[in-house]
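Summarising the annotation, Swiss-Prot assigns pyruvic acid (Ser) to Ser26 and lists sequence analysis as the type of evidence. The annotation active site, schiff-base intermediate with substrate is assigned in Swiss-Prot to Ser26 on the grounds of sequence analysis. Residues annotated as substrate binding site in Swiss-Prot, with sequence analysis given as evidence: Thr58, Gly74, Gly75, Ala76. Residues or ranges marked as active site, proton donor by Swiss-Prot: Tyr59.
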Amino acid sequence: MTTIKLMHAKLHRVRVTDAKPDYVGSVTIDSDLLEKVGILPLEEVQIVNLNNGQRWLTYVLPGQAGSGMVCPNGGAALLCKKDDILIIWANEQCDRAEVLENGHKAKIFVADENNHCREFLYQILNPNQGSVEFHSLPVIPEGKTSEYLQQMIETNKI
């Protein structure tokens, strides 16, 4: 069995709301954001700071639901400052043969300046004759179908 590591969840362009160097390691994230993409408390995540290029590996602690909180703790707090923009993602080990046979789906939360959902995507690997095809599909907000599609067309996203 050959295993591969695939991204299964990503919080894209979230804004740092606080940084606590004296707190014991980790990153504290609004539990609603974690639930939306399927990242579990204590799950290992990788983080890149888009403001300075710093990268690190840590684990997640759940923060207050609905707060928009993204707070690197411990040593990671020295790699960023309030209002920096981060990409946070979690990977999972997958059996390569199963991915080629059944595909794979990752959830992507794209944040606005307040860490609310600006866009939500599924990035999908669809099986195709021993290989996979990659697709990135926006989830259309309920009741916004024509407005949302028009916006996507105008911004050249579809």
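Don't overthink the numbers, they just go from 1 along the chain as shown.
Quick reminder: no glycine exception, Cβ is built from N, Cα and C everywhere.
Keep in mind the model is a prediction, meaning the values are calculated, not measured.
Feature map: Swiss-Prot annotations on the structure.
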residue : record                 : DSSP (3 states)
Ser26   : pyruvic acid (Ser)     : coil
Thr58   : substrate binding site : strand
Gly74   : substrate binding site : helix
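Between the candidate binding-site residues, Gly74, Gly75, the densest Cβ environment within 10 Å is the one around Gly74. When Cβ atoms from all protein chains are considered, those within 10 Å of Tyr59 (active site, proton donor) total 14, not counting its own. For Ser26 (pyruvic acid (Ser)), the number of other Cβ atoms no farther than 10 Å from its own Cβ, over all displayed protein chains, is 19. In this structure, the CA atom of Thr58 (substrate binding site) is 5 Å away from the CA atom of Ser26 (pyruvic acid (Ser)). Residues Gly25, Ser26, Val27, Trp56, Pro72, Asn73, Ala77, Leu78, Leu79 surround the recorded substrate site, their Cβ atoms falling within 8 Å of the Cβ centroid of Thr58, Gly74, Gly75, Ala76, which are themselves excluded. Between the farthest pair of Cα atoms in the substrate binding residues (Thr58, Gly74, Gly75, Ala76), the distance is 10 Å. For Ala76 (substrate binding site), the Cβ neighbour count at a 10 Å cut-off comes to 22, with all displayed protein chains included. When Cβ atoms from all protein chains are considered, those within 10 Å of Thr58 (substrate binding site) total 18, not counting its own. Ser26 (pyruvic acid (Ser)) and Gly74 (substrate binding site) are 7 Å apart (CA-CA, integer value).
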